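See below for the structure under consideration.
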Amino acid sequence: MASGRRAPRTGLLELRAGAGSGAGGERWQRVLLSLAEDVLTVSPADGDPGPEPGAPREQEPAQLNGAAEPGAGPPQLPEALLLQRRRVTVRKADAGGLGISIKGGRENKMPILISKIFKGLAADQTEALFVGDAILSVNGEDLSSATHDEAVQVLKKTGKEVVLEVKYMKDVSPYFKNSTGGTSVGWDSPPASPLQRQPSSPGPTPRNFSEAKHMSLKMAYVSKRCTPNDPEPRYLEICSADGQDTLFLRAKDEASARSWATAIQAQVNTLTPRVKDELQALLAATSTAGSQDIKQIGWLTEQLPSGGTAPTLALLTEKELLLYLSLPETREALSRPARTAPLIATRLVHSGPSKGSVPYDAELSFALRTGTRHGVDTHLFSVESPQELAAWTRQLVDGCHRAAEGVQEVSTACTWNGRPCSLSVHIDKGFTLWAAEPGAARAVLLRQPFEKLQMSSDDGASLLFLDFGGAEGEIQLDLHSCPKTIVFIIHSFLSAKVTRLGLLA
């Protein structure tokens with residue numbers, strides 16, 4: 001009986017394996033990538049290292065994807081592949097068919113075997129079929145007991161898209177010559193902490209490995225990239241949630257890289273609700289966070305002041321944006337984010353394709369500014385899809401408004417005309433200035449609604465200027481510290497009020 005577990009997607013890519021001798025200074029090794037429901041497996045595959053970026057590309061040896069030359073043997077495939085039933089989708093061109101030859105059949109007491117894969121045709125373009133693969137089914141039709149002629153007829157009747165379920169049958173292919181084993185290659189060298197990359201840099205040189213390696217897809221980071229020597233975005237960077245394992249892969253072209261990135265991210269996304277539930281339980285157990293709900297979680301790529309980038313795990317609650325270097329899996333780790341941005345003092349100032357004033361070259365980027373007692377913190381992030389950008393944009397804007405509606409009022413000590421005072425800003429009642437002399441009664445010195453505020457500004461050091469018009473004109477308040485936090489909160493209150501009015505209009 002067939003298992004309900006979906007057959008993994010497999011294909012050949014190239015893994016950055018270390019320093020090379022060419023102009024690009026990098027060595028690449030062909031590997032078999034296998035994507036299952038919750039794990040990504042990388043196995044060493046046959047074949048010489050691929051060309052470095054910018055170098056002329058040589059004709060690929062026929063045995064990389066099948067024995068297309070007479071007498072050539074199939075690749076020495078990794079043990080991981082020998083144990084797998086794989087489902088491969090082949091999309092046929094208008095001419096040329098599947099581009100395979102088959103042998104075997106019930107009359108020969110053998111399964112239906114792929115004996116030849118023709119270079120450049122549909123099967124070869126999948127990079128996931130191999131000479132020696134047994135075809136178990138075609139579009140769901142069982143071929144396990146088919147004769148050779150029956151299999152030929154089934155394959156001939158297929159449409160433009162053909163789903164083949166296959167399994168590599170090394171033991172029943174004695175007439176195929178084994179090719180020599182591939183060189184060893186590595187992937188699991190821990191990156192520097194925090195995870196940082198120079199612009200378009202693939203990360204540290206990995207250690208060698210000679211057998212399959214497995215990376216959990218639980219909250220893994222997936223990013224499409226290019227390199228200084230090859231501007232085509234056909235590279236993938238994949239990091240484990242704990243930041244200890246990093247893969248830097250090269251696909252044959254941009255379309256292939258995009259397809260793999262989409263498929264891997266889709267599997268990561270299916271695991272995200274479970275991660276969110278686990279973090280929600282940890283968050284509820286912390287004494288400082290209370291019972292805040294997690295509104296959004298995901299990896300962002302942050303532009304660093306040095307010019308590099310870093311994977312940053314962002315966790316958005318009802319009140320804060322918490323940024324981590326890796327997935328927090330304990331209460332202690334969750335309570336110690338690398339940075340925290342209170343939403344009420346945070347503004348989304350850019351979302352979408354970068355502009356000339358924004359020093360970031362990503363098409364899908366957004367910028368946040370947070371008012372603090374030390375000034376304004378600015379952070380630039382990018383995401384991998386328009387859907388992610390839309391989700392983060394909406395959640396951040398809505399989060400700012402929720403925080404404003406939840407807080408309602410803030411107060412700060414200040415000095416006005418030499419008198420010690422207290423400034424209260426309420427989302428509905430507006431601005432109230434109270435006398436705060438020691439021993440004196442708490443008297444209202446000034447009260448103005450938001451509707452009267454014509455302009456606000458600050459000097460970036462300690463002074464806040466509020467212009468309500470009328471007889472008072474502009475008032476000057478000395479907050480005795482950087483006024484940016486209160487300025488950003490005033491803007492959040494105003495934005496929330498405008499949104500509230502828009503919803504009621």
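Each Cβ is built from the backbone N, Cα and C atoms, and glycine gets one as well.
It should be emphasised that the depicted structure is a prediction, and the values quoted were computed from it without experimental measurement.
As annotated in Swiss-Prot, phosphoserine applies, among S144, S184, S291, S351, to S184.
Of the residues S43, S193, Swiss-Prot records the annotation phosphoserine for S193.
Cross-referencing 1-25, 226-250 with Swiss-Prot places the feature region 'Disordered' at 1-25. Swiss-Prot marks one residue of S189, S201 with the annotation phosphoserine, and that residue is S189. A mean pLDDT of 85 is what the model gives for the region 'Calmodulin-binding' (483-505). Here the Cβ of S101 (phosphoserine) has 15 other Cβ atoms within 10 Å, regardless of which shown protein chain they belong to.
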